[in-house]
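Worksheet: one structure, shown below.
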Amino acid sequence: MPEPAPSPASSPGAALLRDHTTLRLGGPAGELVVATTEAEVLAALDTDRPVLVLGGGSNLVVADEGFPGRVVKVATTGITADVEGDDPSCGGVLVTVAAGEPWDRLVEVAVDRGWVGVEALSGIPGSVGATPIQNVGAYGQEVAQTIASVRVWDRALRGVRTFANAECGFSYRHSRFKADPGRHVVLSVTFQLRQGTLGAPVQYAELARTLGVEPGQRAPLREVREAVLGLRRGKGMVLDDADHDTWSAGSFFTNPVVPADQVPEDAPAWPAGDGLVKTSAAWLIDHAGFGKGYAAGRVSLSTKHALALTNRGGATTAELLGLAREVRDGVQAAYGIRLVNEPVLVGCEL
């Protein structure tokens, strides 16, 4: 099949990926295609060239050499609600969201309209389409709790497929989509949310303290959103061009899940089932000697949160990965626990 001619939104060899990632890192794209409709997304994927699908760029670390193939920036938008009418007592709403819709825009709309279930995920950068891949979560909520289905283009079968929640293979920061990278391109996500004025029960102790409630209690939706945004801003986790602490990919390492006897005595620990516990990567990093603001030239740990690796301006991906290796290896030397990166690495490795 002949490759379709580039659309007007195609920019061969003209784009630097640092302009499309929150880390402000990454070399040139062989070709950048901005797709604003689902049809344009599918047309852009119809190529024999290597393809990198890009949303908000908040969870990517791209090599200094860039990406030699076609970069498809998914810029589709749209939020469509279908109030469930078969059982009004359920008070539910199905919300289908285009993959390119900014995630926090969805949360803002949900809070404004009294849709319950994503309010604690306020302020997370990136697009809706990226959230099921990582099973994005924060402050006691994760998208697996509210996703009803994920609609994708299956590049192996060359067709559109819809996966129900139970078919998505969700676990901590993981899914079937992450397990098979490059195969599934998310087109839209449907969420099943409840209707009400109070948020879901607050599960995260820090958020509960901020709201002045006990864990397990509920608080007004708007108050939950504002509290989360305040906590995230205090940690440099809400994008701000003037604040280099936000020039990051968010949390760079996942919280490790390990046997209980491997966790240091004073470290935070939460049951994870099967004799395993989840502990705090930030605690391990800090106690291994890498405190907030630990710097290596033009990259450093955030001055607000030890878990974020940041570009202080003019850095390279190689410098960032060098710091990441230093931190990872230092934690392993101190505690025998090997941290795993959360962002997706493109053209590079840790």
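Placement of Cβ uses the backbone N, Cα and C atoms for every residue, glycine included.
Listed in TrEMBL:
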type	residues	note
ACT_SITE	Arg173	active site
ACT_SITE	Ser251	active site, proton donor
ACT_SITE	Glu342	active site
Only counting partners 6 or more residues apart, tell me which same-chain residues put their Cβ under 8 Å from the Cβ of the residue listed as 'active site, proton donor'. Ala281, Leu307, Ala308, Glu342
What residues, ordered by sequence, lie under 8 A Cβ-to-Cβ from Arg173 (active site) and sit at least six positions away in the same chain? Gln134, Asn135, Val136, Gly137, Thr254, Glu342
Around the Cβ of Glu342 (active site), other Cβ atoms within 10 Å, all chains included, total 18
